[in-house]
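Peer 1: Below you'll find the structure I mean.
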Amino acid sequence: MKSARAKTPRKPTVKKGSQTNLKDPVGVYCRVRPLGFPDQECCIEVINNTTVQLHTPEGYRLNRNGDYKETQYSFKQVFGTHTTQKELFDVVANPLVNDLIHGKNGLLFTYGVTGSGKTHTMTGSPGEGGLLPRCLDMIFNSIGSFQAKRYVFKSNDRNSMDIQCEVDALLERQKREAMPNPKTSSSKRQVDPEFADMITVQEFCKAEEVDEDSVYGVFVSYIEIYNNYIYDLLEEVPFDPIKPKPPQSKLLREDKNHNMYVAGCTEVEVKSTEEAFEVFWRGQKKRRIANTHLNRESSRSHSVFNIKLVQAPLDADGDNVLQEKEQITISQLSLVDLAGSERTNRTRAEGNRLREAGNINQSLMTLRTCMDVLRENQMYGTNKMVPYRDSKLTHLFKNYFDGEGKVRMIVCVNPKAEDYEENLQVMRFAEVTQEVEVARPVDKAICGLTPGRRYRNQPRGPVGNEPLVTDVVLQSFPPLPSCEILDINDEQTLPRLIEALEKRHNLRQMMIDEFNKQSNAFKALLQEFDNAVLSKENHMQGKLNEKEKMISGQKLEIERLEKKNKTLEYKIEILEKTTTIYEEDKRNLQQELETQNQKLQRQFSDKRRLEARLQGMVTETTMKWEKECERRVAAKQLEMQNKLWVKDEKLKQLKAIVTEPKTEKPERPSRERDREKVTQRSVSPSPVPLSSNYIAQISNGQQLMSQPQLHRRSNSCSSISVASCISEWEQKIPTYNTPLKVTSIARRRQQEPGQSKTCIVSDRRRGMYWTEGREVVPTFRNEIEIEEDHCGRLLFQPDQNAPPIRLRHRRSRSAGDRWVDHKPASNMQTETVMQPHVPHAITVSVANEKALAKCEKYMLTHQELASDGEIETKLIKGDIYKTRGGGQSVQFTDIETLKQESPNGSRKRRSSTVAPAQPDGAESEWTDVETRCSVAVEMRAGSQLGPGYQHHAQPKRKKP
């Protein structure tokens with residue numbers, strides 16, 4: 001029966017925080033390049049194996065004291081001009097390769113100015129290989145017999161490795177060998193003589209304590225960082241002679257272990273030093289180098305050669321690789337050849353060389369900044385962010401400084417005096433880098449399998465030569481005594497020999513008997529054990545059959561449950577879809593309901609607003625019609641009273657004519673008396689029934705007029721002679737030709753018992769301004785009429801028959817301005833003699849910005865229907881102003897009215913200003929407030945023309 005393979009114990013997890021307190025500083029080494037000429041001036045001197053001294057060469061600026069400045073810098077070890085590549089490798093790179101084989105990461109990079117020997121240190125020269133070929137040689141010397149077959153390990157795109165079994169690896173090898181031009185071949189090929197001398201290393205170097213129970217695989221990759229872009233030097237791009245494609249840059253990614261790697265980078269599996277260096281040399285030919293003023297082959301990019309060592313333990317039998325991905329250990333050694341920092345004033349770089357130098361210096365400056373921040377965070381406990389992402393170089397090696405691994409730096413310097421300033425900056429950077437500490441890498445975890453399993457099934461020699469057990473037993477017998485017989489008479493040697501042989505024979509026979517006895521006992525025991533095993537096997541087989549039947553039944557039950565589960569899942573899916581449809585319908589209905597509710601609320605609000613508006617309009621209309629009715633009733637009453645008064649006066653005049661005796665014809669007065677005589681006309685009754693307290697007196701004690709005084713009824717006040725007033729009104733006697741001296745106006749009528757009260761009404765006084773005791777002679781017919789109301793206020797009433805004269809505004813100065821004549825299309829052409837004529841005017845039917853921008857004045861012709869049925873034309877004038885926004889605004893300043901009247905219309909007589917008295921506290925209801933307050937006297941601030949007549953009546957609101 002085949003023994004069951006034991007399960008591999010789980011790999012113990014190692015916490016990263018377990019060794020976080022153990023840190024090692026960055027190892028910085030210094031290598032001094034030999035001078036090109038023996039008599040060349042030198043600025044660097046090696047003091048001992050750890051210290052160099054940098055002194056100012058002749059011709060440079062001295063310090064403040066006038067002396068040359070000498071500075072010493074310490075390193076972990078200093079390599080002079082006579083140091084060989086072997087010595088440098090043993091001290092710097094050998095520990096890194098040893099850690100690589102034991103599953104630890106490492107970083108080695110060279111730093112210095114251009115032409116300081118960095119590439120020579122890393123690559124070497126014919127006959128003297130550098131660090132890179134020596135590292136490869138040491139790796140393959142250590143794992144040469146433990147390497148896995150090709151394609152057992154296969155890289156993926158996630159910075160990890162996959163394991164293939166022997167069969168899959170064999171198929172992969174056959175597939176690659178069947179290709180017309182395989183990239184790698186397992187057959188031995190002749191080494192390229194171009195680099196054959198570089199990899200011929202005479203000194204044999206091998207790592208110690210290599211795990212023999214593991215298999216190893218080596219993968220190499222080669223990239224360069226050019227102008228802060230990453231390019232794969234091993235990428236095979238098909239050559240197109242017509243349109244060659246430029247190399248594509250690669251991107252940086254972070255794997256699950258937070259390690260940075262180049263996505264899509266080519267990793268080649270190598271099996272020997274020659275094959276690995278051949279891959280390196282193929283990529284080295286693609287690297288960008290150029291001839292500068294300081295170096296014939298100057299590196300224009302940073303190159304990174306990665307050596308990835310993959311190891312996996314053997315299974316418990318020691319025959320095949322353990323097919324568990326968790327047991328794979330991947331370690332990486334990065335060999336970096338940094339481009340040299342340079343100054344453009346020395347290299348005289350132009351064009352692309354200048355751009356390359358700028359990018360190189362920028363990346364090196366970023367590396368120095370990262371070191372400064374790391375040093376400050378570690379020394380002072382700060383937590384500043386390290387700017388790794390500012391450069392692809394620092395971002396690629398971020399996990400070495402923040403994670404685990406050993407970091408080594410070789411500072412290459414050229415001791416010639418011309419490189420003094422550059423070497424000074426390099427030394428300062430090296431001094432800062434030595435103070436940066438990196439976490440110590442952890443040891444590789446033990447897999448837990450039995451050591452030495454590789455040689456478990458390997459034969460130790462030929463099968464036919466194996467010694468028997470009896471021979472082994474015989475070898476344990478005591479040695480025979482000496483058998484040399486020197487004397488013929490020797491009788492002791494042979495008896496001793498015979499006795500020893502007999503003892504050995506007896507002992508051998510006894511041991512054979514014991515062996516046979518033990519063998520028979522072991523056979524019996526083995527037979528019993530076989531019987532017991534057989535019985536147990538039969539018992540286990542019966543149980544196994546029962547278990548298999550049970551398992552088959554459970555499988556059937558599982559299949560039934562799976563079918564039921566699928567049916568239920570299908571029903572659940574249908575229900576979920578139905579629920580989704582219902583929920584969607586519900587959401588749509590809810591949205592529609594919300595929309596309808598909002599619409600209903602808006603309608604309700606509009607309805608309430610409309611109801612309130614209608615209520616207000618009804619109330620306003622009701623109040624308006626009530627006022628209008630009251631006003632019309634009052635006007636009708638007043639009209640009737642006036643008619644009664646006129647009839648009463650006519651009756652009185654007729655009565656006076658009838659009753660008066662006939663007298664002689666009066667003598668015609670002279671002109672002088674006519675001038676001094678105050679001619680009065682009959683005053684029409686006031687449109688309102690005035691209070692009986694209103695009287696008019698003549699100032700300075702003058703006598704009343706000679707006309708006979710007539711009295712109204714008992715309910716009215718005394719008045720002047722009605723006959724003279726009527727005759728004067730009928731004869732149209734102008735009253736403004738007679739001067740009138742007015743001293744005062746009685747605000748209240750004095751009621752005295754037994755004295756007849758007479759209301760002396762003088763002709764209406766017209767004038768712009770008057771004073772007490774001064775004669776005022778009106779000069780214009782349209783001057784303001786001044787009256788007194790029952791409250792003692794002065795009323796200024798214009799003469800309605802006077803010609804219209806604009807008193808408020810000055811004469812228009814539009815003669816020199818350009819006008820916009822706005823005549824709407826709805827206006828009608830009037831046949832008046834006086835027509836508005838504006839020269840150089842722009843006539844428009846609709847006001848526009850273009851016309852307003854060209855003119856300074858604006859005139860709008862507006863027509864409306866007057867109260868008498870005639871068309872009234874208003875010319876509304878204004879000034880045009882420019883606004884800040886670039887437009888125009890119009891400020892209206894004046895209105896001119898053009899109106900036609902019929903000359904046959906009867907002139908309405910004015911009512912008398914004297915009205916019957918009303919009780920105290922009673923208010924006048926003859927008209928509304930709007931009509932009473934429509935006329936006022938207004939004087940603007942700063943005006944020198946005196947008060948002016950202004951009409952403030954608002955137009956009646958039309959019915960909606």
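Counting starts with 1 at the first residue shown.
Quick reminder: no glycine exception, Cβ is built from N, Cα and C everywhere.
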Peer 1: For which of Ser303, Ser605, Ser756 does Swiss-Prot record the feature phosphoserine?
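Peer 2: Record lookup in Swiss-Prot returns phosphoserine for Ser605.
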Peer 1: Which of the listed positions, Ser155, Ser706, Ser924, Ser943, does Swiss-Prot note as phosphoserine?
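Peer 2: Of the listed residues, Swiss-Prot records phosphoserine for Ser155.
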Peer 1: Going by Swiss-Prot alone, which of Lys398, Lys655, Lys741 is annotated as SUMO2 cross-link?
Peer 2: Lys741
Peer 1: Which one of Ser18, Ser116, Ser826, Ser911 gets the tag phosphoserine in Swiss-Prot?
Peer 2: Ser911
Peer 1: Tally every other Cβ atom lying within 10 Å of the Cβ atom of Gly115 (ATP binding site).
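Peer 2: A count of 24.
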Peer 1: Using other CB atoms within 10 angstroms as the count, which residue among the binding-site residues Gly112, Gly117 scores least?
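Peer 2: Counting other Cβ atoms within 10 Å of each of the binding-site residues Gly112, Gly117 gives the minimum at Gly117.
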Peer 1: Which whole-number mean pLDDT does the model give the domain 'Kinesin motor' (25-436)?
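Peer 2: Averaged over the domain 'Kinesin motor' (25-436), the predicted model reaches a pLDDT of 84.
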Peer 1: Specify the count of other C-beta atoms within 10 Å of the C-beta of Thr119 (ATP binding site).
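Peer 2: Other Cβ atoms within 10 Å of Thr119 (ATP binding site): 25.
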